[in-house]
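Note sheet for the following structure.
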Amino acid sequence: VKTWLLVFRISEEDKGFGPIFEEQPINTIYPEESLEGKVSLNCRARASPFPVYKWRMNNGDVDLTSDRYSMVGGNLVINNPDKQKDAGIYYCLASNNYGMVRSTEATLSFGYLDPFPPEERPEVRVKEGKGMVLLCDPPYHFPDDLSYRWLLNEFPVFITMDKRRFVSQTNGNLYIANVEASDKGNYSCFVSSPSITKSVFSKFIPLIPIPERTTKPYPADIVVQFKDVYALMGQNVTLECFALGNPVPDIRWRKVLEPMPSTAEISTSGAVLKIFNIQLEDEGIYECEAENIRGKDKHQARIYVQAFPEWVEHINDTEVDIGSDLYWPCVATGKPIPTIRWLKNGYAYHKGELRLYDVTFENAGMYQCIAENTYGAIYANAELKILALAPTFEMNPMKKKILAAKGGRVIIECKPKAAPKPKFSWSKGTEWLVNSSRILIWEDGSLEINNITRNDGGIYTCFAENNRGKANSTGTLVITDPTRIILAPINADITVGENATMQCAASFDPTLDLTFVWSFNGYVIDFNKENIHYQRNFMLDSNGELLIRNAQLKHAGRYTCTAQTIVDNSSASADLVVRGPPGPPGGLRIEDIRATSAALTWSRGSDNHSPISKYTIQTKTILSDDWKDAKTDPPIIEGNMEAARAVDLIPWMEYEFRVVATNTLGRGEPSIPSNRIKTDGAAPNVAPSDVGGGGGRNRELTITWAPLSREYHYGNNFGYIVAFKPFDGEEWKKVTVTNPDTGRYVHKDETMSPSTAFQVKVKAFNNKGDGPYSLVAVINSAQDAPSEAPTEVGVKVLSSSEISVHWEHVLEKIVESYQIRYWAAHDKEEAANRVQVTSQEYSARLENLLPDTQYFIEVGACNSAGCGPPSDMIEAFTKKAPPSQPPRIISSVRSGSRYIITWDHVVALSNESTVTGYKVLYRPDGQHDGKLYSTHKHSIEVPIPRDGEYVVEVRAHSDGGDGVVSQVKISGNTCEFLDPVDSQG
């Protein structure tokens, strides 16, 4: 009785609940050398009423009355922790009058890192070029999460790892692939424990490389080998592999017979493979291979990926009626597969699947399902409440008014709260109802009435009774007119792009609201999203007409109109046929591929309700991105055919094919393109065009032609055969040109007379044979280069950077141009610059020369065969550079209708030309042209601008050219000094 009262109060009034953990203890490492003097294990639960906490260690109660322990809320604080007394497994118990739950287990460990032994470490002597290992041999420690580095000579100089040097994070050893003289020094292993934030280092080890006259190479030898690894899914896994060898071996990684995981990363040196967030599919054999010029070495090991338990289905707070049965599923996955065990109120209760039969109040309490495997455990907590109460409709009374349509069906729900489950009975007015052909009382208490008539209207009462008591609830059933489709949609047949109308009208009870819902192939049409093609006619009452605009093939199908009220509904359907161009053919296959043809087969696609009249085969090559209609055999492919041959293809060309069907409504969508195929090769059948040539250097015959484009190669090993003979000769000389992209061949013959007529012709060839020759062309061999040198060569020095050169023409008619060669005295003649001018020119200007520099100059006559002998070499000196200092404008004074601009005299430096005067440019601001003045004075008068602003530029002038510009901006009102501008000329 006491238990029943407790649970009843919980169910009906209290709304209390058992403990729910919000914080649980976690594994903790306490540094033995810690000065803190205490350690805390946390535990916090939410419950109503508030929970009471207890702690257990190694399955024994923690004596909370001892001074060594204290509680802060649910947290256990251990004062002055002692390894011998306090190391162990702890868990927390939280309880109230609803039950007790047990926390996850947590281990309290004591961490330490002992110092290295004080003994000196012996020196290590190694021949240069040999590999070596310095052992770390870390001191005793816990936990085993050390990180390793090596000091060189002093702190904090640490070894930098590279392809030659490697520090293993597995054992701490330092590996050097081959020792160099630079490795000499004192080495110390530096060990850190992140768990207890402590570091220690060993005594220094002297390393002495022994010099060798020649270091001998030796093959790769893997000395750092990873072992089989068991990893938890989601963890990061690190594999180490390092090899000794001379030269330094290269290290490569792979996963045997499978691709490497996408999250794998290899260190810069190659010695470390990291796999981040490892997954089950990453399990397998991994291999590292070390190789140098002397040999290779391999090592393999397996990664096994395991998984921490994870819930598939877990328990939740549950209420069940007294006397009922309960199956409480609790399923977890993991690797290995987890086992399931249960706790009730903190104590062992059951293993495996939990089923409770004919539950009583004794079954109420706090349950915990624990899934555990080798790698850990997960807890699911839930409260089981047992309900026992008399029926009550207080929370869920019957509806006061229930509507039902005449001729239809109605279900009147009766859902009181009761435990155990009550028995139900019904009455209409004063008449008790029993099951019949029209009336059915369901097991859950609901009343079903079929084929409703007007006489079924009235007051209905549901009675519920169990061993705790009874209750009833009443509602009124109102009968309405049924909803009926009176104008149903009819089948329609249209063409793509046309509109279609689906009619729909209904009768319904006037006291209710009517709505229309349209669906297409079973899916409701959303008129807000699909308003482009679907529209409703809202102008007609009681009418749900649907308009389909610009119908497409995808709109063909079954349309259903549903007229509905809150009481009932009625539906009618019709089919829409949309005729259009055919769909894409399928199953395209290419067979019997030859040089200029290929056989195609396909399967018929949808004709979209209009018979297919013909098919078109289209092709695409690497020469173009456009699809083109192919010639076929037969020329017209009838609509009932599913095979044809593409003809007049280009030999040795890559093709893609597709097929398009056509009917009276147009050309349809193309098939999916075929895989790319290549036609067989054939001998060329096109001759090169534009055969010609001539010119060139002395004793040369230059033959040119237009290279054939790729589409005319027709096969591998494509090239050209060039044939030529003297105009009156009989025997053709033939030369093979293997470059398919060239269009030029030069034949050299020292016995060849200049300007001799030759007949030439060219043909193409490939691995299948030769093509036809081109038309014969007549060309001339190269003429001789000029034999005379220009005379009367002279120069005029124009400035510090320009010289003008002039000469007399040679008398030979074969001259096509003149070439001027010039170079500075401090340069070699081979570095000479060249200027080429036509044969009509008598002079040329040399520009961008160095100031105050001696130049050598010579002139030669040239034609296509080359240049003749040069003229006599002459010398010329450029003038000194113009002044580098700008004139300093000292005033700009307005005087009547003019401005007077005054500047300081510019004094040239010793390596600059003497100032001979000044140039003044008066121009509108923003324009380059203006009026140019020259003066020997230090001032000038310019008119006041009438409109806008003007710029006055002043520069010193010398034999070496113009110097740097100074500027002043003037207007009708003001003047403004501007920064100097370097504008030599």
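Cβ coordinates are placed from backbone N, Cα and C, and glycine is handled just like the others.
These come from TrEMBL:
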type	residues	note
DOMAIN	19-109	domain 'Ig-like'
DOMAIN	115-201	domain 'Ig-like'
DOMAIN	219-304	domain 'Ig-like'
DOMAIN	309-385	domain 'Ig-like'
DOMAIN	391-478	domain 'Ig-like'
DOMAIN	482-579	domain 'Ig-like'
DOMAIN	584-682	domain 'Fibronectin type-III'
DOMAIN	687-784	domain 'Fibronectin type-III'
DOMAIN	789-884	domain 'Fibronectin type-III'
DOMAIN	885-977	domain 'Fibronectin type-III'
REGION	671-695	region 'Disordered'
Confidence summary for the domain 'Ig-like' (19-109), mean pLDDT rounded: 90
Three-state composition of the region 'Disordered' (671-695), taking helix and strand from DSSP: 0 helix, 7 strand, 18 coil
Residues in the domain 'Ig-like' (391-478) grouped by DSSP into helix, strand and remaining coil: 3 helix, 47 strand, 38 coil
Helix, strand and coil counts within the domain 'Ig-like' (19-109) (DSSP): 4 helix, 52 strand, 35 coil
Secondary structure content, the domain 'Ig-like' (115-201) (per DSSP, counts of residues): 3 helix, 39 strand, 45 coil
Best-contacting stretch, by C-beta pairs under 8 Å, relative to the domain 'Ig-like' (115-201) and drawn from 19-109, 219-304, 309-385, 885-977: 219-304
Leading contact stretch, 19-109, 391-478, 789-884, 885-977 vs the domain 'Ig-like' (309-385) - CB distance under 8 Å: 19-109
Per-state residue totals over the domain 'Ig-like' (309-385) - DSSP helix, strand, coil: 3 helix, 50 strand, 24 coil
